[in-house]
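**Q** Take a look at what Swiss-Prot says about it:
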- 1-18: signal peptide (SIGNAL)
- 48-68: transmembrane segment (TRANSMEM)
- 89-109: transmembrane segment (TRANSMEM)
- 105-160: domain 'EamA' (DOMAIN)
- Asn110: N-linked glycosylation site (CARBOHYD)
- 116-136: transmembrane segment (TRANSMEM)
- 145-165: transmembrane segment (TRANSMEM)
- 176-196: transmembrane segment (TRANSMEM)
- 211-231: transmembrane segment (TRANSMEM)
- 261-281: transmembrane segment (TRANSMEM)
- 293-312: transmembrane segment (TRANSMEM)
- 320-336: transmembrane segment (TRANSMEM)
Amino acid sequence: MAWTKYQLFLAGLMLVTGSINTLSAKWADNFVAEGCGGSQEHSFKHPFVQAVGMFLGEFSCLAAFYLLKCQGRRQSASSVEPQQPFNTLLFLPPALCDMTGTSIMYVALNMTSASSFQMLRGAVIIFTGLFSVAFLDRRLAPSQWLGILITIAGLVVVGLADLLSKHDSQHKLSEVITGDLLIIMAQIIIAIQMVLEEKFVYKHNIHPLQAVGIEGFFGFVILSLLLVPMFYIPTASFSGNPRGVLEDALDAFCQVGRQPLIALALLGNISSIAFFNFSGISVTKELSATTRMVLDTLRTIVIWAFTLALGWEIFYPLQILGFLILLMGTALYNGLHRPLLAFLSRRWRLPTQEGEQERLLGDSRTPINEAS
């Protein structure tokens, strides 16, 4: 069945905005500008400020939800299904997981390449699968277990590619290892978030845009408040800002004022996450969850291609092998092998059936009344 223009638009929107989301965050990290008080030029290393911006983008999904709801009231058929009452605080635990996992990933993105960052995020299926078995009493198919094992192998190969690659002054080997481990740690937290959402949230038939928006609201408010104590927590040289504190939000705003392109990168990150969530949910509804997974894989390829073209990282053949193994594991876990096996089975049966028909016709060439 051919895709409609609207479906093609949604798929393209998801691919483009998903790629912009990671690339804009990495672009902001690459900027160098003066900070507050005439401090020397330094890199824009403000992961928690970036995380606040991302949650602001998620929070804006609430606006999209209410727009759809208002549009549905004007029309006879609403795209927003009626819901049963629910307690908004149900979203607090998954929002805290989202806030923690996202903040860790933004810290990690300062330490490793954008392509490795995107590839290692595939580890989420390992922990989601294990937690689903442990807490949701779900039984995984043998192909899903195999997909998890293959994904682990892919993560090992991607990690080896980072270890064996040459590192510049911006990304030292110790930083890359720490960054990769932080990404894996963040996927454990994101997997807990997914299990919590499935166990406590989705049974209330809540619209996904509303769910993302409420989680974005909690994340934005809580993390914005946490920026105050972070301004005073010393972390020595780990933070990368002149004051050596966990997060210096004032320094971030000063750098944005002195280098306006940082504001453009942050705006790209905020707006892209909103459109990415909307298009991802719409792709699942209009097409399928499998299509969404395939587009997410294509997003990794786009990010990788752009970072290579822009000179942000160097090409390493071992990374291709790791990506292909990860792709195979993800495909198996999500059941992408089933349509392929069904297609091959049909192709195999067709020649066999044609051969049987030829044999039957060949055997029946002599009329029955002449057989005696």
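Using N, Cα and C of the backbone, Cβ positions are placed for all residues, glycine too.
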**Q** Mind giving me a neighbour count for the residue listed as 'N-linked glycosylation site'? Other Cβ atoms within 10 Å of its Cβ, every protein chain shown.
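**A** Neighbour count, Cβ to Cβ under the 10 Å cut-off: 25.
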**Q** Of the listed stretches 89-109, 176-196, 293-312, 320-336, which one has the most C-beta pairs under 8 A with the transmembrane segment (211-231)?
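**A** If we count Cβ pairs closer than 8 Å to the transmembrane segment (211-231), 89-109 scores highest.
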**Q** Do at least three C-beta pairs under 8 angstroms join the transmembrane segment (145-165) to the transmembrane segment (320-336), pairs 6 or more apart in sequence?
**A** yes
**Q** What counts of helix, strand and coil residues does DSSP assign across the domain 'EamA' (105-160)?
**A** 46 helix, 0 strand, 10 coil
**Q** When you check the transmembrane segment (293-312) against the transmembrane segment (116-136), do you get at least 3 Cβ pairs under 8 Å, counting only pairs 6 or more apart in sequence?
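**A** With 3 or more qualifying Cβ pairs, these stretches touch.
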**Q** Any contact between the transmembrane segment (176-196) and the transmembrane segment (48-68), i.e. 3 or more CB pairs below 8 Å with pairs at least 6 residues apart?
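**A** As far as Cβ distances go (cut-off 8 Å, pairs 6 or more apart), the transmembrane segment (176-196) and the transmembrane segment (48-68) do not touch.
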